[in-house]
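Trainee: Sequence annotations record features per position, and here Swiss-Prot assigns ATP binding site to Ser15, Gly16, Lys19, Asp158, Gly159, Val160, Lys214, Glu215, Gly303. Taken from Swiss-Prot, the feature region 'DNAseI-binding D loop' applies to 40-61, supported by similarity to another entry.
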Amino acid sequence: MGDEEVQALVVDNGSGMCKAGFAGDDAPRAVFPSIVGRPRHVSVMAGMGQKDAYVGDEAQSKRGILTLKYPIEHGIVNNWDDMEKIWHHTFYNELRVAPEEHPVLLTEAPMNPKANREKMTQIMFETFNTPAMYVGIQAVLSLYASGRTTGIVMDSGDGVSHTVPIYEGFSLPHAILRLDLAGRDLTDYLMKILTERGYAFTTTAEREIVRDIKEKLCYVAEDFNEEMQKAASSSELEKSYELPDGQVITVGNERFRCPEALFQPSFLGMECNGIHETTYNSIMKCDVDIRKDLYGNIVLSGGTSMYPGINTRLEKEMIQLAPPTMKIKVIAPPERKYSVWIGGSILASLSTFQNMWITKEEYDESGPAIVHRKCF
């Protein structure tokens, strides 16, 4: 690793979107959906050059004829063949690099099964022949990106949400809490409540339309009951959305009922705590001396933290849970959708990080389990 010219690749494989680019850049070069699509129908026209699988944006644009599968669910890879396709697409089509020439920094959710990162390591070294690799914890990278060394990160993506308290650069594993409630569950919930309005969305392709409605129109209410009354008494909260076939649908209280499930998971029939209680419980698992620093540095990260109003609402809920004199501050960086990637880009370009890489030699010597010793 002596020559400085070799740029490391940073790949943040989210359950919903894959963000990839070069270490040292301030934003990912490629952002595409983590989707592999396979044709639902038999081709009738020869010579069309149809493929048996499409990845990312191409799958998204041909979704009308494909069955779309997400190989990553709740932050855990459930289909390694499809995952390999996504990585192949990332390296060769999106970044246009030879992976055997660049170290690769991957990311994963905390409290993932150990086998998951071992398999990631194995594929990087054996399939893509990378010279070196590293697996970073997503929330820790987000904190790097916000320029802090102490804080609690509430990271919520498409597949998994988690709260990770970090003090002076050390993550506190005993206090990390994971919530398998995230963007994809909200999309499914929105599909369900739109059905109650008489709009049926059922296929995997239609789910993508609902995801778009969610991203464009949903917001978090500061006071849910008040907002429900407001929605019932007037139509000022209603917005219209044009479907791809030109028909227009109207969305009303669904706009805030959908993300409300983050605070009231019982909406989804889930028994877990909302993101505010999870954040609070995570802080309470930490040493009493550092709680004040955590309450004052609650950092939001991930695509599901992008709803307008989520930071004011989280702050309001935290004030009700915390001791009365405690100063609560929720930080919502504007680039939080990509902050995991940005943190990875910062980390991989630090000179002090260069001896942290797992090299091909170390892998050949110790096998995939090396990842637990070198990445924590």
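In case you wondered, yes, glycine gets a Cβ from its N, Cα and C as well.
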Trainee: Any same-chain residues 6+ apart from Gly159 (ATP binding site) with CB under 8 Å of its CB? Would you list them in sequence order, or say none?
Mentor: Gly14, Ser15, Gly16, Tyr70, Ile72, Glu73, His74, Gly75, Ile76, Ala109, Asp180, Ala182, Gly183, Arg184
Trainee: Restricting to the same chain and to sequence separations of six or more, state which residues have a Cβ under 8 Å from that of Lys19 (ATP binding site).
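Mentor: For Lys19 (ATP binding site), the qualifying residues are Val11, Asp12, Pro28, Ala30, Val31, Tyr338, Val340, Trp341.
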Trainee: Just how many other Cβ atoms lie inside 10 Å of the Cβ on Lys214 (ATP binding site)?
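Mentor: I count 23 other Cβ atoms within 10 Å of it.
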Trainee: Where does Lys214 (ATP binding site) sit in the DSSP three-state scheme?
Mentor: helix
Trainee: Taking the region 'DNAseI-binding D loop' (40-61) alone, what is its mean pLDDT?
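Mentor: That region's mean pLDDT is 81.
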Trainee: A 10 Å Cβ contact count, applied to the binding-site residues Ser15, Gly303: which residue has the minimum?
Mentor: Gly303
Trainee: For Lys19 (ATP binding site), what is the secondary structure state per DSSP, taken as helix, strand or coil?
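Mentor: Reduced to three states, the DSSP call for Lys19 (ATP binding site) is strand.
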